[in-house]
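One structure is given here, and the rest of the page talks about it.
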Amino acid sequence: MTIVIGFEGSANKIGIGIVRDGEVLSNPRRTYITPPGQGFLPSQTAKHHRGVILTVLKEALQEAGLKPADIDCVAYTKGPGMGAPLVTVAIVARTVAQLWDKPLLGVNHCVGHIEMGRLVTHASNPTVLYVSGGNTQVIAYSERRYRIFGETIDIAVGNCLDRFARVIKISNDPSPGYNIEQMAKKGKRYIELPYTVKGMDVSFSGILSYIEEAAEKMLGSGECAAEDLCFSLQETLFAMLVEITERAMAHCGSQEVLIVGGVGCNLRLQEMMGIMCEERGARLFATDERFCIDNGAMIAQAGWEMFRSGQQTELSDSWVTQRYRTDEVEVTWRD
């Protein structure tokens, strides 16, 4: 049996998870939440992570019923993500690996999401839609790489939703995207927004600028409700994502879709993708907030796959990188 502990802290979530041969033994997590109308700054997020990371580490070991001696490998998020939080977590992971005399592994955050999704859903070789606050990509595996077939050319879909939540002063607890989803369920009117698909890529910044201006005018005049704007934004963004995912499926001859990342929790996105899959005779795989939202177990699972295939990260190479693309990783653990 191989037991790997994973440290994740690339954005406002700090999580530490432990995985043993495909079984999640523990996965505690904390979230840095800011007041309505505000985002989270790298320095303040890192300060939050520093304040709670050792508590979360103790929780992870206690929940799993393990001692440091039981751990075979320490994995941490190398990137992509916010610089200061990444460095905070990497320093703790490096220190733990040295104190416990264990091998160290730097993991790509996006690959962590994919491997966690594959583990939980048992999808065999899916087309992956990876949607979060910092990333939007359509991915498929080919020849020892997770190939990016399409992506955002500006901001991520989660970032678009989060920034609109700030405009209309929606609470950040538990997350702005979740609160937009709940408001969207009450929306009764669809307001047409720009729909920007460019080949296999998408663009969200123009939609955000348009709806920010529209919100001020339409809400001020009583022309529509905030719930209508939330509904319209979701429908437009998700339709774009379903379109490029379907095109990637057609190119790859794929009959499976796996949605990963924090925005992947959204039930309306899952519903829209499910309709497309049903029409194609394909299958949809998705998970809930335990594994969609950033967590330590996903880093542990990717680290487990990497460690079992013979990979390790030397201490001298254990840096972080804010721009670490999914397709830069050699996938040594798949055929």
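Here the Cβ of each residue, glycine as well, is placed from N, Cα and C on the backbone.
Because the structure is a prediction, the values reported are computed rather than measured.
Per TrEMBL, domain 'Gcp-like' is recorded for 29-300.
Taken from TrEMBL, the feature divalent metal cation binding site covers HIS109, HIS113, TYR130, ASP294. In sequence order, GLU8, SER10, THR77, LYS78, GLY79, PRO80, GLY81, ASP294, ILE299, TYR324 are the residues of the chain that are 6 or more apart from HIS109 (divalent metal cation binding site) and have a CB within less than 8 Å of its CB.
Around the Cβ of TYR130 (divalent metal cation binding site), 26 further Cβ atoms fall within 10 Å across all displayed protein chains. Feature annotation from TrEMBL assigns substrate binding site to TYR130, VAL131, SER132, GLY133, GLY134, ASP162, GLY177, GLU181, ASN266.
Note: the Cα of SER132 (substrate binding site) and the Cα of HIS113 (divalent metal cation binding site) are spaced 10 Å from each other. The highest number of surrounding Cβ atoms within 10 Å, among the binding-site residues HIS113, SER132, GLY134, ASN266, ASP294, is found at HIS113.
Between the C-alpha atoms of TYR130 (divalent metal cation binding site) and GLY177 (substrate binding site), the distance comes to 15 Å.
Here the C-alpha separation of GLY134 (substrate binding site) and HIS113 (divalent metal cation binding site) works out to 13 Å. Between the CA atoms of HIS113 (divalent metal cation binding site) and GLY177 (substrate binding site) there is a gap of 18 Å.
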